[in-house]
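These come from TrEMBL:
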SIGNAL    1-25  signal peptide
DISULFID  35-50  disulfide bond
DOMAIN    62-209  domain 'Cupin type-1'
BINDING   107, 112, 117  oxalate binding site
BINDING   110, 112, 117, 156  Mn(2+) binding site
C-alpha cells in the first residue's frame with residue numbers, strides 16, 4: 001500500500017474513533033441518512049437547511065490536497081475541509097483540516113469550542129501541547145506517523161522546530177470553530193479596550209498597542 005493509501009486508512013480510523021461516542025459528540029445526532037447543506041440559504045438553525053437535490057459532489061472535496069501558503073505572521077496555515085467545503089458533512093458531526101508549517105512556524109494557542117481534535121503527522125515533527133482548566137500543561141514532541149489529541153475547548157498549540165511538515169486534523173464537529181487567543185484579544189473588531197488588556201496582562205498601554213498593531217489584519 002502506498003504512503004498516501006496508509007494515510008487515508010489511518011485517517012478513516014481516526015474519524016471513526018472520534019465519532020463513536022455520540023453521547024459526547026460535538027454536534028447533535030442526525031435524524032435522517034443525509035442532510036446536504038444548502039449553503040445558498042441565508043437562514044441557519046444550529047446548522048444548515050437540507051438541499052432537496054444532491055449528488056456525489058456534495059460529499060467530496062480537494063480542499064486539502066495541496067499545501068497552503070505559510071508566508072504569514074505565524075508561519076502556518078490551516079485549510080479546512082468542513083461543511084463549508086463539503087456540504088454533505090451537514091449533521092454528520094465530522095470534519096478535517098490540513099495544517100502546513102514553515103520552519104519555525106507555529107499554530108498559536110487557540111481553542112475549538114465545538115470539537116475535540118486529533119492530528120496525524122503526515123511529514124516532519126512537531127512540539128504540541130494543551131493546557132487543562134487547572135493550568136497544567138500537557139506537551140509532547142511528536143513525529144511522522146504519530147497522532148495526538150486535544151480535548152474539546154482546551155487551549156492548545158503546535159510548533160514546528162524542524163523541517164516543513166504537513167498535518168491533517170480530524171474533528172468531531174462539522175464546523176468546529178476556532179478561537180485564536182492572541183488575535184481574539186488583540187485584533188477583534190471592535191477592539192477590546194486597552195484598559196481591559198493592561199489590567200489583565202499587567203503591562204502598559206504602549207505594549208498593548210504595539211501588540212495590536214502587529215496582529216492587526218493586513219490592509
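Every residue, even glycine, has its Cβ placed from backbone N, Cα and C.
Everything TrEMBL records as a feature, shown here on the structure.
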{"residue": "35", "record": "disulfide bond", "CB count, 10 Å": "20"}
{"residue": "50", "record": "disulfide bond", "CB count, 10 Å": "16"}
{"residue": "107", "record": "oxalate binding site", "CB count, 10 Å": "25"}
{"residue": "110", "record": "Mn(2+) binding site", "CB count, 10 Å": "19"}
{"residue": "112", "record": "oxalate binding site", "CB count, 10 Å": "24"}
{"residue": "117", "record": "oxalate binding site", "CB count, 10 Å": "25"}
{"residue": "156", "record": "Mn(2+) binding site", "CB count, 10 Å": "22"}
Item checked: Within the predicted model, mean pLDDT of the domain 'Cupin type-1' (62-209) -> 93
Item checked: Helix-strand-coil residue split for the domain 'Cupin type-1' (62-209), DSSP-based -> 22 helix, 55 strand, 71 coil
Check: Could you give the Cα-Cα distance between residue 117 (oxalate binding site) and residue 35 (disulfide bond), in whole Å?
Finding: 23
Check: Going by C-alpha distance, which of the recorded positions 35, 50, 156 is nearest to residue 112 (oxalate binding site)?
Finding: 156
Next item on the list: Calculate the distance in Å between the alpha carbons (Cα) of residue 110 (Mn(2+) binding site) and residue 35 (disulfide bond), and round it to a whole number.
Entry: 30
Notebook entry, point to check: Cβ within 8 Å of the oxalate site's Cβ centroid: which residues qualify beyond 107, 112, 117?
Noted result: 78, 97, 110, 111, 119, 150, 156, 169, 171, 176, 178
Next item on the list: To the nearest whole angstrom, state the Cα distance for the pair residue 107 (oxalate binding site) and residue 35 (disulfide bond).
Entry: 32
Notebook entry, point to check: Measuring Cα to Cα, how many angstrom lie between residue 156 (Mn(2+) binding site) and residue 50 (disulfide bond)?
Noted result: 33
